[in-house]
There are 4 protein chains.
Amino acid sequence: MIKVALNGYGTIGKRVANAIMLQPDMKLIGIAKTSPNYEAFIAQKMGINIFVPQESIKSFDEAGIKVAGNIEDMIKEADIVVDATPNGVGAQYKELYQKFGKNAIFQGGEKANVADVSFSSLCNYNEAIGKKYIRVVSCNTTALLRTICTLNKLSKVEKVRATIVRRAADPKEVKKGPINALVPDPASVPSHHAKDVNSVLKDLDIITMAVIAPTTYMHMHLLNVTLKSQVSKEDVINQFLNTNRFLLVRGKSKVNSTAEIIEVARDLGRIRNDIPEVVIFEDSIYTMGNEVFLMYAVHQESIVVPENIDAIRASLNLASAEDSIKITNTSLNISKGYLI
Amino acid sequence: MIKVALNGYGTIGKRVANAIMLQPDMKLIGIAKTSPNYEAFIAQKMGINIFVPQESIKSFDEAGIKVAGNIEDMIKEADIVVDATPNGVGAQYKELYQKFGKNAIFQGGEKANVADVSFSSLCNYNEAIGKKYIRVVSCNTTALLRTICTLNKLSKVEKVRATIVRRAADPKEVKKGPINALVPDPASVPSHHAKDVNSVLKDLDIITMAVIAPTTYMHMHLLNVTLKSQVSKEDVINQFLNTNRFLLVRGKSKVNSTAEIIEVARDLGRIRNDIPEVVIFEDSIYTMGNEVFLMYAVHQESIVVPENIDAIRASLNLASAEDSIKITNTSLNISKGYLI
Amino acid sequence: MIKVALNGYGTIGKRVANAIMLQPDMKLIGIAKTSPNYEAFIAQKMGINIFVPQESIKSFDEAGIKVAGNIEDMIKEADIVVDATPNGVGAQYKELYQKFGKNAIFQGGEKANVADVSFSSLCNYNEAIGKKYIRVVSCNTTALLRTICTLNKLSKVEKVRATIVRRAADPKEVKKGPINALVPDPASVPSHHAKDVNSVLKDLDIITMAVIAPTTYMHMHLLNVTLKSQVSKEDVINQFLNTNRFLLVRGKSKVNSTAEIIEVARDLGRIRNDIPEVVIFEDSIYTMGNEVFLMYAVHQESIVVPENIDAIRASLNLASAEDSIKITNTSLNISKGYLI
Amino acid sequence: MIKVALNGYGTIGKRVANAIMLQPDMKLIGIAKTSPNYEAFIAQKMGINIFVPQESIKSFDEAGIKVAGNIEDMIKEADIVVDATPNGVGAQYKELYQKFGKNAIFQGGEKANVADVSFSSLCNYNEAIGKKYIRVVSCNTTALLRTICTLNKLSKVEKVRATIVRRAADPKEVKKGPINALVPDPASVPSHHAKDVNSVLKDLDIITMAVIAPTTYMHMHLLNVTLKSQVSKEDVINQFLNTNRFLLVRGKSKVNSTAEIIEVARDLGRIRNDIPEVVIFEDSIYTMGNEVFLMYAVHQESIVVPENIDAIRASLNLASAEDSIKITNTSLNISKGYLI
Ligand SMILES: NC(=O)c1ccc[n+]([C@@H]2O[C@H](COP(=O)([O-])OP(=O)(O)OC[C@H]3O[C@@H](n4cnc5c(N)ncnc54)[C@H](O)[C@@H]3O)[C@@H](O)[C@H]2O)c1
Ligand SMILES: NC(=O)c1ccc[n+]([C@@H]2O[C@H](COP(=O)([O-])OP(=O)(O)OC[C@H]3O[C@@H](n4cnc5c(N)ncnc54)[C@H](O)[C@@H]3O)[C@@H](O)[C@H]2O)c1
Ligand SMILES: NC(=O)c1ccc[n+]([C@@H]2O[C@H](COP(=O)([O-])OP(=O)(O)OC[C@H]3O[C@@H](n4cnc5c(N)ncnc54)[C@H](O)[C@@H]3O)[C@@H](O)[C@H]2O)c1
Ligand SMILES: NC(=O)c1ccc[n+]([C@@H]2O[C@H](COP(=O)([O-])OP(=O)(O)OC[C@H]3O[C@@H](n4cnc5c(N)ncnc54)[C@H](O)[C@@H]3O)[C@@H](O)[C@H]2O)c1
């Protein structure tokens, strides 16, 4: 049983923590939290060991939250640390992980050079095997990479032109906007997402443009992919239907928006309405010559969770790509086929 | 085992259906649905019998949804029908329920005169015992009544002045607005909510004013209640802490909005993030002379679910108020105390 | 002086009416309105003749709005009618315009076959000269066509791949949503916008994908255009800087969103904060080989106003393309260069 | 001609600057701006002298904005300074105003003790005459005070219970949220607005509760006022109809929301769609015994502009309350009666 520590128990951290607890080969030794808010109470309620910065112990005590030790204590005890602290903070913690000689998994909010390799399970698991520091790319990039590497099996992907319509904030965030605007992110081309894709697929010809929209539920990607050879709409549909970590939405189910995708996740009893799978609108798949077009939705809160689990196995060389992905999918109930 | 049929499997209907399945004394014989959308697929996946209008059987067949019969078949088989069809449609169905001599529970979107009594578990369960037609009041009115009847046990409620800030649409609804406006609902005083409260508490001096805000998560109520005698803030807090179907939010948990309440429900693993309890911001409770002020949030999608279950028992005289409420709360995991 | 009647005084109609009043060669003989709401009061306040359906005269009288006659009276008196009634209603009115032998300008909410020609000032003015029925294409298509025909002057446009992020409702609309969702519009490819572009540029290779976002201010387009030859970023910038009906936004002005574009329009004292110009984010212009990428914002409420004025002149053969566009731009203060 | 300087050219500052330029007895000698964004370009375009912090001169030069001097230069030259810098920053600048012996007007984002008196034109103009430092209360408090002092003329106001539904951000602000939540502001009672009202009306029995909603257009207030004597609905309507700085919205104009109020302001050609008047929904006015209920909308961006102008006159003892209010209203086209 690999001992995993989780630093930063927010949107991503709390999900990865839950996922670790469901793995047959991992044990969550604790999470680190800096402020005693409701997420700390949740961790306590779930019986998770809570580690805090030395100077914060008092404030947790006062809030009635039992503290298991300080963050260094947690790191010392771990075989590997998953860092899910806010953008850029992970890079600061790296020193600590190095000091104790621990492997670490970073998130997409960090610069690529924080780690030895940027990671996408379906694209470059093997490259990450044995790497001390791995960075799971961001939610948008994870979705792009899954999609590209899956299409690539059908026919070599030669060019990607993608538009990303980003959710502006996570559902829990009440101080981020905009309320009524579209915000280019940034107003220059290509957006950083293309560069992030290239951190894994070094030579891909990809240009991305991104805009932020006032919604909290999911991102949407609108893709134009040029393949080496011509493929049919059915080929593309089948390729995705047969690949785990993708779900398709049928027109006849009348799921016509990100909100209705989330509603289905709620109706299906999914915890936190999470959908780590990329959700493709089946009717949007369109082929013309060597070009493929498609539209899909990305649940930013949960999509990187399975990739984090795989990254742990890759870093510690616990399993082959195929085996890790299978264990992760089974333990997290990640499926393929139709959403409903 | 009472045989319950559910007509109208949407936001309210699908939740009441699930709740019925959890009752020790009830059996869901089926649901009626008019269009084969994702909610129909969900019902099918859950193994629920689906009844449809005779003329719709073909469209369900084509969609691949197995139909158990037409709506009349379902009603004939039932001891009681819960009607959760859209506003005003229930009144049309009443004829059918009458034709087959079945008791029925209606929702707050119907006019009060659709039923023999308007219903709130904590206010007038006894009045509803044995009534053939019961109307569970709307989400906003249910919350108001629960709160008023609970305060009333502390000291007689003499006057209520309430503001209702309404969510504009349910999360799944993508065609309702506004996107960027506040809409008086209506721009006249009192709003219909006061009249709806008076359908249960006939003589209460209550004035309500309502405004619609562009959010989908929860309503918020801001109350100014005048009691017969002076009470302390602690009295009020304790009264709610000790009453089922209320949850309090502590300041120190840093849950400062409806979005964070929903986030906690997600983190707690609540199915569909439902919170049928009224959620009071503890720090908002304020007393001054005989006046009590408080602010609470109302999860419109789920708040009326327990009241529907109680209404079934009242109508068929299956249990006393106390017993029904207890069974309902236990089966649905409805609690009291602090949210987290 | 050409006598112009305007049927349908809503978002588009009231703006076209104002624009007609500013033309040296046109006279607004009246507008037709069906319900006596605030827009009718505005028309009255502006001294515009109001015509209404015969059966509505009474309701306007009661509201205190003076009626100049019925809709037929207005049409009889006119040389040409601009129809700005809701989607599809224009087609019904066409019979009436025909009955009285009047030319008419329709809007983009009508099917292309309502008219003899679909119209874009910068693309096919000449084709529309003398045509009895002209349809000004929709707001999104107007922006696409202006942009494509302007780039085409630089180098032949061979291929367009465009993403449209649509505002979900106009600012005044409080019943349209979504509040919190992204809605593919539709979830199939290509969206109808490509077909609408092809109604003017018959042979263009264009694919569009569209998604609705919960905002009211402006649409955003993210374009990938392949030209016959390679051009530089400076070429593209200069091309737009030198073309009327385009404005560029400089990075250094820190206008980073549709909301800030609208804020500038307000600060500039523009009536109704209208920006009939296409507003391009200068820093988004990017060239790579023969490809050009760019992002721009479209003020849906006002963008088609100048095209409507030009369409009137084309239909009645009042002026050449160059002359009409010049008169329209001057009278409406439509400029080129930088927004601020 | 009084020489007025304006420090902080944002939402409030740019409006007050424009208003000063419209006064017969005032001259705007310049504005101070810290960053060369679009608002600086606007000021330049309007021919306003721009003063900047000494250390920022270079960045303005580089942006192509002509600088008239540093902030100290501006203050030295002025008779009085209007400070419209962000919350709390005004207090820091006070030292500078004192150093040069200049009177100053502060905004509601400052603590009450920044000034000698908190100010509302219709309530306590006389108290402010000759005061060196005057603080115009916040947008919400300005609306509350105008309303209370106007009702007070009808019959003594004995008690106010008010709910405030606040817009979450100004239209130009794209980084503030929430996107989908209601946020108690704060989750304790009374909100600070009551205290702010008491800074002017020291002894008033007022309790306020506030909640933030995801909209940018206007605040809404829902008031329950207890008067000393009974008044009729007509009395209340007439009182407001006859008081400048109030506008009423008639039901028959079908203006049913804040968005439609703004639309009317746009249609009326109001610059920046500003409505410094309090806009009351006429049909919401309701009386019962000594209680008056009403709902009104508050245009946060412009409501305090006339009060700032009056405060300048009060501070420098330029005119009586009546005279100042009249000049301000006339110069700014502030009216009474019906919105449309
Ligand atoms: N939210 C998303 O949609 C999303 C998706 C994919 C990747 N990511 C990436 O995941 C990372 C975490 O983002 P998130 O959305 O979960 O953030 P979050 O703000 O929800 O959570 C961050 C957590 O880190 C804790 N924290 C803050 N400062 C800390 C410190 N100095 N030391 C230790 N802990 C600290 C906070 O208490 C919080 O629990 C970022 O790199 C982000 O870019 C986020
Ligand atoms: N959504 C809420 O927040 C809420 C809260 C409390 C009470 N209510 C009340 O509950 C009732 C149902 O509302 P909802 O929000 O669940 O609506 P909904 O639209 O989500 O669901 C209505 C269901 O009725 C079905 N239906 C439509 N027409 C039908 C017909 N003619 N015959 C049979 N079924 C038909 C639809 O397919 C759908 O399954 C209304 O009275 C409403 O006022 C709603
Ligand atoms: N709003 C936009 O963003 C936009 C942009 C470009 C084109 N268009 C197109 O312009 C047209 C008008 O759209 P709009 O947004 O101005 O609509 P709108 O609803 O704002 O205005 C329509 C007007 O038509 C009137 N009307 C309704 N029914 C009528 C009838 N039977 N007879 C006569 N008048 C009637 C209404 O009173 C209203 O004044 C549509 O074809 C639309 O697709 C709209
Ligand atoms: N926006 C509203 O709705 C509103 C309504 C009433 C009162 N107020 C109050 O008005 C004041 C200004 O608010 P606003 O909304 O106009 O803010 P804003 O952010 O729009 O504008 C503030 C201006 O001050 C400038 N500034 C920032 N830091 C500065 C500094 N250190 N020195 C000089 N200038 C500086 C900024 O460049 C900007 O031009 C605040 O006290 C606020 O509470 C705002």
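Glycine too: its Cβ is placed from the backbone N, Cα and C atoms.
All TrEMBL annotations are machine predictions without curation.
Keep in mind that this is a model prediction, so the values were computed, not measured.
In TrEMBL this protein carries:
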type	residues	note
ACT_SITE	A:CYS139	active site, nucleophile
BINDING	A:THR11, A:ILE12, A:GLY109, A:ARG167, A:GLN300	NAD(+) binding site
BINDING	A:SER138, A:CYS139, A:ASN140, A:HIS193, A:ALA194	D-glyceraldehyde 3-phosphate binding site
DOMAIN	A:2-139	domain 'Glyceraldehyde 3-phosphate dehydrogenase NAD(P) binding'
Integer Å value for the Cα distance linking A:SER138 (D-glyceraldehyde 3-phosphate binding site) with A:GLN300 (NAD(+) binding site) is 9
Let's see if you can do this one: DSSP helix, strand and coil counts over the domain 'Glyceraldehyde 3-phosphate dehydrogenase NAD(P) binding' (A:2-139), in that order.
59 helix, 33 strand, 46 coil
Please give the D-glyceraldehyde 3-phosphate site's span as the largest CA-CA distance among A:SER138, A:CYS139, A:ASN140, A:HIS193, A:ALA194, to the nearest whole angstrom.
13
Take the mean position of the Cβ atoms of A:THR11, A:ILE12, A:GLY109, A:ARG167, A:GLN300, the recorded NAD(+) site. Which other residues of that chain put their Cβ within 8 Å of it?
A:SER138, A:CYS139, A:ASP170, A:GLU301, A:VAL304
Tell me which of the recorded positions A:CYS139, A:ASN140, A:HIS193, A:ALA194 ends up closest to A:GLN300 (NAD(+) binding site) in space, Cα to Cα.
A:CYS139
For ligand 1, pick out the binding-site residues A:ASN140, A:ARG167, A:HIS193, A:ALA194 that have a CB under 6 angstroms away from one of its atoms.
none
Alpha-carbon distance [A:HIS193 (D-glyceraldehyde 3-phosphate binding site); A:ILE12 (NAD(+) binding site)] in Å:
19
Whole-number Å only: compute the distance from the Cα of A:HIS193 (D-glyceraldehyde 3-phosphate binding site) to the Cα of A:CYS139 (active site, nucleophile).
10
Tell me which residues of the chain lie with their Cβ under 8 angstroms from that of A:GLY109 (NAD(+) binding site), as long as they are six or more apart in sequence?
A:PRO86, A:ASN87, A:GLY88, A:GLY90, A:SER138
Going by Cα-Cα distance, pick out whichever of the recorded positions A:THR11, A:CYS139, A:ARG167 is nearest to A:ALA194 (D-glyceraldehyde 3-phosphate binding site).
A:CYS139
Cα-Cα separation of A:ARG167 (NAD(+) binding site) and A:ASN140 (D-glyceraldehyde 3-phosphate binding site), in Å?
10
Which of A:ILE12, A:CYS139, A:ALA194 (the recorded positions) has the most other Cβ atoms within 10 Å?
A:ILE12
Quick one: which residues besides A:SER138, A:CYS139, A:ASN140, A:HIS193, A:ALA194 have a Cβ within 8 Å of the D-glyceraldehyde 3-phosphate site's Cβ centroid, in sequence order?
A:GLY108, A:VAL137, A:THR141, A:THR142, A:ALA143, A:LEU144, A:ILE164, A:SER191, A:HIS192, A:ASP196, A:VAL197, A:THR208, A:ALA210
My understanding is the cutoff is Cβ-Cβ under 8 Å with a sequence separation of 6 or more in the same chain; which residues meet that for A:ASN140 (D-glyceraldehyde 3-phosphate binding site)?
A:ILE164, A:ARG166, A:HIS193, A:ASP196, A:ALA210, A:HIS219, A:HIS221, A:VAL298, A:GLN300
Over the domain 'Glyceraldehyde 3-phosphate dehydrogenase NAD(P) binding' (A:2-139), what is the model's mean pLDDT?
98
How big is the gap, in Å, between the Cα of A:THR11 (NAD(+) binding site) and that of A:CYS139 (active site, nucleophile), rounded to a whole number?
12
Going by DSSP, is A:ARG167 (NAD(+) binding site) part of a helix, a strand, or coil?
strand
A:THR11 (NAD(+) binding site), Cβ-centred 10 Å count of other Cβ atoms over all protein chains shown, is 21
